[in-house]
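This report refers to the structure that appears directly beneath it.
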Amino acid sequence: MEIKVLEKGFIRLVEVMGDDFSAVQAARVSYGKGLTTPERDKKLIFYLMEHGHHSPFEHIIFKFHIKLPIFVMRQLVRHRIASINERSGRYTEFSDEWYIPERIRTPDKVNRQGSVFVDDDDLNSEGIRLIEETIEKTYQAYKRLLEMGVARELARIVLPTSMYTECYWTINARSMMNFLNLRADSHAQYEMQQYALAVAKIFKSKCPVTYEAFLNFAYTGDLLKTEGCL
């Protein structure tokens, strides 16, 4: 399952270990029991979520392959309860792929952590032109340094954080729900929100009961409760 994100990025599910009822099995092992009926298992998942017993959900593991701008990657790695391997800029050359926003945003006067899109055509045109020109110049400087024989690990320091990188990201469902609370929310940066929504879509498709319970009892953000968000 692969979802396109932004204009050149994606998030792809590589593999998943477990499903909704892996949490049920983990919870019931305390009593020497396993699965019962689908109805009772669903009730248990809802009970666990409602009462904050989230450790059984750590037994559901997702592995993703993600292509994303470096500045989004830097936010992703702040979620420490996950395993990450990123493409190396020391051993591989960066291709000419970078993120350009479709529209300019300005600081939100109400939500100080957020930003809002502007309808000013002149600002959009001039802002995007300046972003594109600056990135192109830095990438050409990077290529020139490589041509001069400068090591990749040093030449890359001129590159902007809009460059695309790739990583493998492995995370359990409990940590994923924490990620969604923080990133599938209007306080998060717009570009980060788009990746969080893609993660939520995959989570919902693979663990629909857990996802439903999460939204009902544990989700503290706002985007996932917006109709049509996925």
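From the backbone N, Cα and C atoms, a Cβ is placed for every residue, glycine too.
For the dUMP site, Swiss-Prot gives GLN75, LEU76, VAL77, ARG78, GLU86, ARG87, SER88, GLY89, ARG90, ARG183; the one candidate out of ARG40, ARG112, ARG156 that the record lists there too is ARG156.
Residues of the motif 'ThyX motif' (78-88) grouped by DSSP class, helix first, strand second and coil last, total 0 helix, 4 strand, 7 coil. Annotation: ARG183 carries the greatest number of neighbouring Cβ atoms among the binding-site residues HIS79, ARG90, ARG183 [cut-off 10 Å, Cβ to Cβ]. Between the two most distant C-alpha atoms of the annotated FAD binders (SER55, ARG78, HIS79, ARG80, GLU86, ASN172, ALA173, ARG174, ASN178) there are 27 Å. Among the binding-site residues listed (SER55, GLU86, ALA173), GLU86 has its Cα nearest to the Cα of VAL77 (dUMP binding site).
Comparing CA positions across the binding-site residues SER55, HIS79, ALA173, ASN178, the one lying closest to SER88 (dUMP binding site) turns out to be HIS79.
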